[in-house]
């Protein structure tokens, strides 16, 4: 049975990358050691982390005045590091279009009880269960604010921001965890981008931060580990980084480059997700909870049948046929097909075939 | 050429463990997925993390009233999390017997500029380049203090604390990164133990925290990711944990258990390191910078030749013969043989042979 892994993260990785890592698992580049056994101060690992950075700079066209940092703790730790480093003594705005954006805002509020800054909820679509990307009036933004935070892709709700909003000149800071390298963004449109690796980049445990140099904190923050400037100036080697995860990220970057880069990935992803969206739209059995077609994510595609009972039955039958992890997030229910870069087109076709069959049997 | 990896961390891992991980790298337990591709909410990963915890509890005889948490950020992030969670409004004492203990204290001082607590330097051997474990007068300790922090094994300087000091009833909190599972400690003698995985447990990117329940913070701290209680109550699944690293840790725990557990590892480690210590002691060419034999680490064994030039020559010749990463830390120079659990006895014998030859040629 072919297994298709629709997991929202940790997620499917390219088979070629896994095979390469497996082949050199015991002996990396004739070092006689596994990548995991390499000192993070060794020449071998130095090459790995420098290559990883250089490949990512190439793939995303990251300008020289941006630092690239490999950290730990996932997007969730960035929810606190971000205001700690960028917003002290300032306002910081949050556009909340999904559960993760809400968490980013909630953590900012928590932090603001100890650290002097003012998190402001600029817009939210929570009332309609995040079924769209909310609008806001740019003139309401204080131009001296530290940033406007948004989530480029809402993993749980299946919406994306493709056209960045007017923020009255205030830098946009984005959680790009679930569509980094999947669609093209212009890095220069952001003050800072962060992303957990476990969707489009590699295994869980690596976090990428891309930050414009002039936004780096001037003063040390409360912990060296949480200090962007210290981490950036140490070249992500302030302490022992997650070496194997960074190595896997490097392999994925090489793979994406060989496939044609981010523009090519976006083309593939739009076609791949388009197949599923078209089918859902044509069906009067399945529906998408996303209100506006323009907000649709190419990475995470939620859908529901006419009832919760049928949703549960769908998930059960799908699982038995090898369509794994297609259950929607517990907060929204239904189904969710996460079609990250490494997810094969054939899996979408096979899923649609199953959906047709399920519809015919249960309509 | 046989490669012996003397790296202080990331370090040598058991070959059997690496081979097992390699064999199931593409397809874990017939799931059709790599461990890296498993959702952290999947049954498969849930079994992995529960097994890892259960094995560690067994190996270290961790009592039920201690929580075991798998975190990210290494020991370095614990330097801040520890006082943030345990010491607010209180005093916290530091015994500084090495560079890492100094960092723990320095980060505590940094944090205390923002967070209300009082870090106190109880004792330090910095003046003599940490050549011994410093003593202190227990009666000087305020019994209401949050903790006394110490480092059980000083990775850079090669000293260890085996007999825990009298702390006037105040809980001992320990960085056990470089000798966890290498020698037996009684967990009940500690309020909290933390350790980065990359020496005796697995790949870099996993941090173990073992904390007595009654010491958990009552109030939320400034970030959910930095909050022991939140992490403990979520079973280390507050956000996506470093899944592959935890899986590797589980394999290492199984391996250590199969070898006979921590007492057996200690026996092996004492014999293994004893070979090298005995040789250094018998030699009038090599010397150990450690002042008192009772403080000697079984995990990290620094030594020097009569001159810096000969040290450099030693490292160069050793490297060419496959004795890798034997250079001492830049802060102390000389050589350092890190003999963690997975380091083979034969490597020690071969090193001693080389040392004899080098001595004969350069005396």
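Positions of Cβ are set from backbone N, Cα and C atoms, glycine also.
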Co-listed pyridoxal 5'-phosphate-binding residue [TrEMBL; alongside A:75, A:76, A:100, A:155, A:198, A:239, A:240] among A:135, A:175, A:218: A:175
Three-class DSSP secondary structure - residue A:76 (pyridoxal 5'-phosphate binding site): helix
Which same-chain residues, if any, lie at least 6 apart from residue A:240 (pyridoxal 5'-phosphate binding site) yet have Cβ under 8 Å of it: A:40
Sites among the binding-site residues A:76, A:155, A:198, A:239, A:240 close to chain B [C-beta, under 8 Å]: A:76, A:198, A:239, A:240
Per-residue Cβ crowding (10 Å cut-off), top of recorded positions A:41, A:199: A:199
Those binding-site residues listed as A:75, A:239, and which of them has the most Cβ atoms within 10 Å of its own Cβ: A:75
Among A:76, A:155, A:198, the most crowded of the binding-site residues [Cβ within 10 Å]: A:198
DSSP-derived structure type at residue A:175 (pyridoxal 5'-phosphate binding site), helix or strand or else coil: strand
Whole-number mean of pLDDT values that fall within the domain 'Aminotransferase class V' (A:3-348): 97
